[in-house]
Amino acid sequence: MAQDYYDLLGVERSADPATIKSAFRKLAMKYHPDRNPGDEEAEKKFKEIGEAYEVLSDEQKKAAYDRFGHAAFQNGGMGGAGGGMGGGFGGAGAFSDIFEDIFGDFMGGGGARTRQRSSAQRGADLKYDLEISLREAFEGVKKEITIPSSEACDVCEGSGAKPGTQPTACGTCGGAGRVRAQQGFFTVERTCPTCQGQGEVIADPCENCGGQGRVRKTRTLQVEVPAGVEDGTRIRLTGEGEAGLRGGPFGDLYLFVSVDDHELFERDGPDLYCEAHVPMVTAALGGEIDVPTIEGGKIKIKIPEGSQTGTKFRLRGSGMTQLRRKTRGDMYVELKVETPTNLSARQKELLREFCEEGGGEDCPKSNDFLGKAKTFWDKLNGTDG
Ligand SMILES: [Zn+2]
Ligand SMILES: [Zn+2]
């Protein structure tokens, strides 16, 4: 699926709809399963070119693909109102449309149907990856984002026709967008080659937008990310996508929020995890440490005498904010006892003295481990010998 759709069809990126269609048609004929019975390679190829054509033959999908590549169609479908970017490929619906379009003429008139098409088209949906920090996710944040976009042309007010003129009904198809022809016993219906199915033609195109009814621009937008947002959250901003074609409605803008890793806190849903390193002496004697909180404050934690690595403290309500909730998650602090390094000669001497003083009672687990290991070796030697 990763192969470039243009490469698959063997066309230039600048190819016009007719060229794309004819390239697909040629390949589809070649790889059609009916012509290659039992050939799995051909079938795979046939599916791939079908996917490529499904996208490249659809103005909205093509625009999305040109901008975002395959990523435009990942993360599940984006099927919004008016069918923005289709999700799954090869869905029976989409595929059969292509069949009717391309194979209509040799499959017989039965497959063809009249499609009412208005010349106005909904603008494409846009996708924007928004990266925020964990703190921003905690507090909620307003971000200014700049999106490459196209907007309704203000010279022709989106109609595509030169001011003072109007698009006229297509003479070839009489405005239906489809043409019919008799072929033997069958009536064949195809997209009108003159108006590309639009039903109308612009005799006098607007000079500002070349008849497209929209122009390329970048747009700055203030977006509000709510507190508690999670990594991977998708926010839909209705009507903030691309301008429609010839006065059609705007598409939607989808923000994909990704939350950056934090150097102190790890998030698991509503809860936060923080590893607190404490010096061996503090762990042994007990003491207090200040633990940072996500809101920027600190909480004192009492370290009991003889604390071990892995000891966990739960700080209720000090975790993350939660979307549309008043409660916060918890924070878990896990102790990591740090063995001192870079000791001075004096420190080493003190530690040796410390050790001699203990007589083994101060480290029961270490002694226990050594004892078990010794028993293990003894048993092995006993059996072998
Ligand atoms: Zn214009
Ligand atoms: Zn026409």
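A Cβ is built for glycine as well, from the same backbone N, Cα and C atoms used for every other residue.
Taken from TrEMBL, the feature domain 'J' covers 4-69. Residues annotated as domain 'CR-type' in TrEMBL: 140-218. The feature zinc finger is assigned by TrEMBL to 140-218. Look at TrEMBL and you will find C153, C156, C206, C209 tagged as Zn(2+) 1 binding site. Summarising the annotation, TrEMBL assigns repeat 'CXXCXGXG motif' to 153-160, 170-177, 192-199, 206-213. According to TrEMBL, the feature Zn(2+) 2 binding site maps to C170, C173, C192, C195.
Close contacts with ligand 2, defined as a Cβ under 6 Å from any of its atoms, occur at none of the binding-site residues C153, C156, C206, C209. Note on C195 (Zn(2+) 2 binding site): other Cβ atoms within 10 Å of its Cβ, all shown chains, come to 24. Selection of the binding-site residues C153, C156, C170, C173, C192, C206 by a Cβ distance under 6 Å from ligand 1 yields, in sequence order, C153, C156, C206. Counting other Cβ atoms within 10 Å of each Cβ, the lowest count among the binding-site residues C156, C206 belongs to C206. Comparing C209 (Zn(2+) 1 binding site) with C195 (Zn(2+) 2 binding site), their Cα atoms are 18 Å apart once rounded. Non-local contacts of C170 (Zn(2+) 2 binding site) by the CB criterion (under 8 A, 6+ apart in sequence, same chain) comprise G177, C192, T194, C195, Q198, G199, E200, V201. Taking the Cβ of C153 (Zn(2+) 1 binding site) as reference, residues of its chain lying under 8 Å away and at least six apart in sequence are, in sequence order, G160, C206, N208, C209, Q212, G213, R214, V215. In sequence order, G171, T172, G174, G175, A176, G177, R178, V179, P193, T194, Q196, G197, Q198, G199, E200, V201 are the residues of the same chain, not among C170, C173, C192, C195, whose CB sits within 8 A of the CB centroid for the Zn(2+) 2 site. Those same-chain residues not listed among C153, C156, C206, C209 yet with C-beta within 8 angstroms of the centroid of the Zn(2+) 1 site C-beta atoms are D154, V155, E157, G158, S159, G160, A161, P205, E207, N208, G210, G211, Q212, G213, R214, V215. Model confidence over the zinc finger (140-218) stands at 85, taken as the mean pLDDT rounded to a whole number.
With respect to their backbone Cα atoms, C156 (Zn(2+) 1 binding site) and C173 (Zn(2+) 2 binding site) stand 25 Å from each other.
Counting residue by residue with DSSP, the repeat 'CXXCXGXG motif' (206-213) contains 0 helix, 0 strand, 8 coil. With helix defined as DSSP H, G or I and strand as E or B, the domain 'J' (4-69) counts 48 helix, 0 strand, 18 coil. A 10 Å cutoff on Cβ-Cβ distances gives C209 (Zn(2+) 1 binding site) a total of 21 other Cβ atoms nearby, all chains included.
Annotation for C173 (Zn(2+) 2 binding site): spatial neighbours V179, C192, T194, C195, G199, criterion Cβ-Cβ under 8 Å with sequence separation of six or more.
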